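Pulled from Swiss-Prot, these are the features on record:
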BINDING   Cys19, His86, His87  Cu cation binding site
Amino acid sequence: MLDVKSQDISIPEAVVVLCTAPDEATAQDLAAKVLAEKLAACATLLPGATSLYYWEGKLEQEYEVQMILKTTVSHQQALIDCLKSHHPYQTPELLVLPVTHGDTDYLSWLNASLR
């Protein structure tokens, strides 16, 4: 019999979604919404990020909160749709990064948290 707990999950279903918010209150509101709807298992909010980018031909610099959201492939589109519909930015940062490896216990918790 195989010991599932000791096995590596070779291709985790987990993904990390990156999103910036203009301030901590907005980031906390967005995080609370996606957590309540079980679209993300965890939201890490990192205040103090500085973003530089061109918008409509002008160099912009904004102080933002970087949101790191942990979810699964099967929840990623609903998470992106939710963030986009409740985000104050016209074009929010919404990037999905694949998770190629992770601790089995953490990945199991992540999956269970979204059920």
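From the backbone N, Cα and C atoms, a Cβ is placed for every residue, glycine too.
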- Query: Who sits close to His87 (Cu cation binding site): which same-chain residues at least 6 apart have their Cβ under 8 Å from its Cβ?
  - Reply: Cys19, Ala21, Leu30
- Starting from each candidate's C-beta and looking 10 angstroms out, tell me which of the binding-site residues Cys19, His86 has the most other C-beta atoms. Cys19
- Starting from the Cu cation site formed by Cys19, His86, His87, give every other residue of that chain whose CB sits within 8 Å of the mean position of their CB atoms, in sequence order. Ala21, Thr26, Leu30, Cys82, Leu83, Lys84, Ser85, Pro88, Tyr89, Pro92, Leu94
- Message: Which secondary structure state does DSSP assign to His87 (Cu cation binding site), in the simple three-class scheme?
- Response: coil
- What does DSSP say about Cys19 (Cu cation binding site): helix, strand or coil? strand
